[in-house]
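So that you can see what the record holds, here are the features copied from TrEMBL:
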DOMAIN    1-336  domain 'G-protein coupled receptors family 1 profile'
TRANSMEM  7-30  transmembrane segment
TRANSMEM  42-63  transmembrane segment
TRANSMEM  84-105  transmembrane segment
TRANSMEM  137-156  transmembrane segment
TRANSMEM  285-308  transmembrane segment
TRANSMEM  320-343  transmembrane segment
Amino acid sequence: VSNMFIVSLAIADLIVGLCVMPIGAIYIFTVDWMFGVAVCQFWIGVDYTASTASILNLFILSLDRYWSVTSPLKYIRKRTKKRALIMISLVWSGSCLWLIPILGWHHFEHGGIRTVPTSVCETEYATNTGLKIVTGILNYYLPLAFMYALYIKIFIEIHKRSLMEIGQRNVGNCVASESLPVSGSMSDESGGDEKSVSRTVEDNIVISNHLACYESGSSLRVSRNGNCTRCSFKAMKPPRTFDTESDQTDNECKQSGYRLKKSNAKHRLKPSRALTKEIKAARQLGVILGAFTLCFFPYFVCFMVVAFCVSCVSPDLMTAVTWVGYLNSTLNPFLYPLCNAAFRRKFRKMLNLKAPAKDIRKNSLYFSHNRSQVNNQLHSGYSLVE
């Protein structure tokens, strides 16, 4: 569904690139307008419609992202192609409203007589303060305010989820650290035979997510995949001491002859893969929103100034900020890959670029290596260290 919004945005940018910018470039170099009134109205109409559609498509992209983050289960049932088509239709219908004043303003105000010279391509309402203020607010400032409000709420929601997730993991990782200074024996329940060891055993074991450490009666067990290695004791245990540090949790089973240590590294407290994807998507949307703001802000500032003081903004400055606004339609195609992995793959294929190594793949290899080490140590009855 989000691809439909991106395609709609791409169509708006494509129209700006194919129809608006070439004619605008010719107008800059020829100074005077030479294509007649009909082409002028067509050019301005397409310019305003496509630029507005680009802005509003960014708005519904932000809205889609906001609903996906704040109400994922509820929104997933409503996030259909039909709903997306309705939203896109509303965007383009609203954008086409520009055609009414562009094509008919001289009929409303001047009795059907055009007041703008044929050597200049400009709207008939260029000096109408009220209309320019209303259109400037509805076309840019209001959507911009809503988009930033949605974006802030998205990050607040993601931050809350991150704190909740890390808090839950901290509760799960808050394990007792106790010393048992009496001698005993260690046995492997999966094999059934008991081994007595008279030498000092000291081994640090990194416990993966599937390795649980828990206490049962007079023994402390470390189990993984159904196999349990148990340390049994014959004496009373001293009072417990608890260590709740978030970056290192130790669970010790210590005797005169044995010591077992559980270490939870910092990577255990990293956000989950789903949360990481949401954070990444929000940041990518922020880049697109930032580009939109920087490109259109100068134009709409001058647009509002001209509404009150026509002579305060020179024609050259107005032309310059207009082309900065066009720059947004040029940048958006390069920003589309930030929204969707499929777009990134297509762009790499088009440009013959090799995909970079994924952090997830690196983490997967790292955890697989740790799990293999733990498995080897558990099945070997813990290696003895002199």
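Numbers run from 1 along the shown chain.
Including glycine, each Cβ sits where the backbone N, Cα and C put it.
Simply put, out of 7-30, 42-63, 137-156, 285-308, 42-63 has the most Cβ pairs sitting under 8 Å from the transmembrane segment (84-105).
Remote same-chain partners of the transmembrane segment (7-30), defined as residues 6 or more beyond its termini with a Cβ less than 8 Å from a stretch Cβ, comprise 39, 43, 46-47, 50-51, 53-54, 57-58, 61, 88, 91-92, 121, 319, 322-323, 326, 329-330, 332-333, 336.
Distant neighbours of the transmembrane segment (42-63): 2, 5-6, 8-9, 11-13, 15-16, 19-20, 23-24, 35, 87-88, 91-92, 94-96, 98-99, 102-103, 121-123, 139-140, 143, 146-147, 150-151, 285, 288-289, 292, 296, 325, 328-329, 332, 339; these residues of the same chain sit at least 6 beyond its ends, with a Cβ under 8 Å from one of its Cβ atoms. Looking just at the domain 'G-protein coupled receptors family 1 profile' (1-336), the mean pLDDT is 73.
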